[in-house]
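Please read the structure below before turning to the comments.
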Amino acid sequence: MSSAMAMKNNTQEGDIPTQNTGDIFIHHSEAVWEHRDTYGPPGFKGVFTNYYAALCAAFAAIGGMIFGYDQGVVSIVLVMPQFLAHFTRVSDTASGAGFWKGLLTAMIELGALIGAINQGWVADKISRKYSIVVAVTIFTIGSVLQTASISYAMLVTARLIGGIGIGMLSMVAPLYISEISPPEIRGALLVLEELSIVTGIVVAFWITYGTRYIAGEWAWRLPFLLQLVPGLVLGLGILFLPFSPRWLASKGRDVEALQALAKLRQLPTTDTRIQQEWFDIRAEVAFHKENSALRHPALQDRSVMSRIKLEIVSWTDCFKRGCWRRTHIGVGLMFFQQFVGINALIYYSPTLFKTMGLDYSLQLIMSGVLNVTQLVGVITSLWTMDRFGRRPLLLWGSFLMTLSHLIIAVLVGKFSSDWPGHRAAGWVSVAFLLFYMLSFGASWGPVPWAMPSEIFPSSLRAKGVALATCSNWLNNFIIGLITPPLVINTGFGAYTFFAVFCLLSLIWTFYFVPETSGRTLEAMDHVFKDIISEQEEARRNAIESEIIGSADSMTR
């Protein structure tokens, strides 16, 4: 038993127990339950033990619902007669309709790209919590303008503004969740982000499916208006949640970090597990701040110009030794999440079902079923994310999605010229499209949203997550632009295109992606083997001993 496990829990509230500083910090790249006391059982069971942290994570994940809702709305609105009558530029009979439709769809991704890259410094400056309020405010302005749009130009501008807010939320929500979560259940709680996204897609789809029966412009204005509701709930409710203890520690507010950690774990500050996690957080912050000072010694005078320069060069640190592998994985995960074809199917599912021979009514119904199938897949990952780990889910998901796309490509290529005469082949294509969505929802849906917020060091976490999220939105933007002409002009070629990237994602994951399940955020240096010298290891141990020693002196 380690000395951390042997520490006693019977000290008075407010005291900091004395400890043996020699061996409390034994760093591992293995899961926490292999070498220390935990806050409860790992995986989904632990969610009920850590109920307060789970509730905070679920509330923060409402930001994902806003993103998903917009996706679900657009897929129906783009084929709604009332909408096409008002915005004739995107109707099928208009010249260049494919481009204008793609631009309208992709504009929110462009806005989200702008929002995500700026949220990196905003979340560091004013906290994860208050940056969510800023994001909701911007999103609300965009939603109001979308609802009131009277021209194509106004609608595109409104979606750009709304996209900025969505991009900010998509970056900071998983960041906040990862920093408040116990390591045993962090995977399950991070799944809530993807679960919220897909729930938003499903809810929006069926709301819009119903409003299409409204005569006049409110058929499409009402769905745009309703997205204000989750945004306002999130913006007001987040004010009552605790700050991230890791953000507080990064600002030198160590006592507040301890109090926030104890509140999140619903334990006294003297609990040995709280103490150990608190020391871990402070030591990791101090270690990386010291490394930054050694790397940029001329920028430590705290002048305004030095702080601006340090902010700029800290972005470049994401691509240097100690972090570049993590940046590669964060950006790569989000790249493949888009290029395996998921948002192409969500945005343009009615069009895709049309290529399989379904009539208009069935196209819309099956598009809704498609989204529900993805939701089922995501729900399974609440259990599998921590039970089996991130890496196996990615590998199996890539394999199953490749298989699905290849079979659909063969069937579409062979029978699309005469679907009425090959109804069975059409429904087999539909079945494998549903199987693809189930596979994606269980693997490449939640994992790329989870891992980037886990892998970066404290000093660069917000910026690293921002870069990964920007990769998502940039590639989402590209997919939004290329999918309409790809489907219209190539038919089965679209499925072949995405099958190739599914296969590439499998190969890339096998060679580059490590396992992070059950590891503390402070253990990622060891997971990625970024502490490569005895001197660095010794210095980190010295920092940890100093922190514990200062705590010891408080009790004497």
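FYI, residue positions are counted from 1 along the chain as it appears here.
Every residue, even glycine, has its Cβ placed from backbone N, Cα and C.
Database features, via TrEMBL:
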- 1-20: region 'Disordered' (REGION)
- 51-79: transmembrane segment (TRANSMEM)
- 56-517: domain 'Major facilitator superfamily (MFS) profile' (DOMAIN)
- 99-118: transmembrane segment (TRANSMEM)
- 130-154: transmembrane segment (TRANSMEM)
- 160-177: transmembrane segment (TRANSMEM)
- 189-209: transmembrane segment (TRANSMEM)
- 224-243: transmembrane segment (TRANSMEM)
- 329-348: transmembrane segment (TRANSMEM)
- 360-381: transmembrane segment (TRANSMEM)
- 393-412: transmembrane segment (TRANSMEM)
- 424-444: transmembrane segment (TRANSMEM)
- 465-488: transmembrane segment (TRANSMEM)
- 494-513: transmembrane segment (TRANSMEM)
**Message:** Can you work out which residues elsewhere in the same chain, 6+ from the ends of the transmembrane segment (99-118), have a Cβ less than 8 Å from its Cβ atoms?
**Reply:** 67, 70, 74, 78, 89-90, 135, 138, 142, 152, 155-156, 159-171, 347, 466-467, 469-470, 472-474, 476-478, 480-485
**Overall pLDDT of the domain 'Major facilitator superfamily (MFS) profile' (56-517), taken as the mean** = 89
**Request:** Give the one range among 51-79, 160-177, 189-209, 494-513 whose Cβ atoms make the most pairs under 8 Å with those of the transmembrane segment (465-488).
**Result:** 160-177
**Message:** With CB pairs under 8 Å as the measure, which of the listed stretches 51-79, 189-209, 224-243, 360-381, 393-412 comes out on top against the transmembrane segment (424-444)?
**Reply:** 393-412
**Message:** Given a Cβ distance threshold of under 8 angstroms, which distant residues of the chain, six or more beyond its ends, lie next to the transmembrane segment (51-79)?
**Reply:** 90, 101, 104-105, 108, 112, 132, 135, 139, 162, 165-166, 169-170, 172-173, 176-177, 180-182, 185, 189-190, 192-205, 207-209, 212, 220, 223-224, 227, 230-231, 233-234, 237-238, 241-242, 263-266, 343, 346-351, 360, 363-364, 367, 371, 449
**Message:** Please report, as numbers and ranges, the same-chain residues at least 6 past the borders of the transmembrane segment (160-177) whose CB is under 8 Å from any CB of it.
**Reply:** 57, 60-64, 66-67, 70, 107-116, 118-120, 122-123, 128-129, 131-132, 134-143, 145-146, 186, 189-190, 192-193, 231, 234, 244, 449-450, 452-453, 461-462, 465-466, 469, 472-473
**Message:** Using a cut-off of under 8 Å between C-beta atoms, tell me which stretch among 329-348, 360-381, 494-513 contacts the transmembrane segment (189-209) the most.
**Reply:** 360-381
**Asked** Going along the chain, which residues at least six beyond the ends of the transmembrane segment (494-513) come within the CB cut-off of under 8 Å?
**Response** 325, 328-329, 332-333, 336, 339-341, 344, 352, 390-391, 394-395, 398-399, 401-402, 405-406, 408-409, 412, 444, 451, 483, 486-487
**Prompt:** Where else in the chain does the transmembrane segment (393-412) make close Cβ contacts, counting only residues six or more beyond its ends and a cut-off under 8 Å?
**Reply:** 340-341, 355-356, 381, 384-385, 425-426, 428-429, 432-433, 435-436, 439-440, 442-444, 447, 491-493, 495-496, 498-499, 502-503, 505-506, 509-510, 513
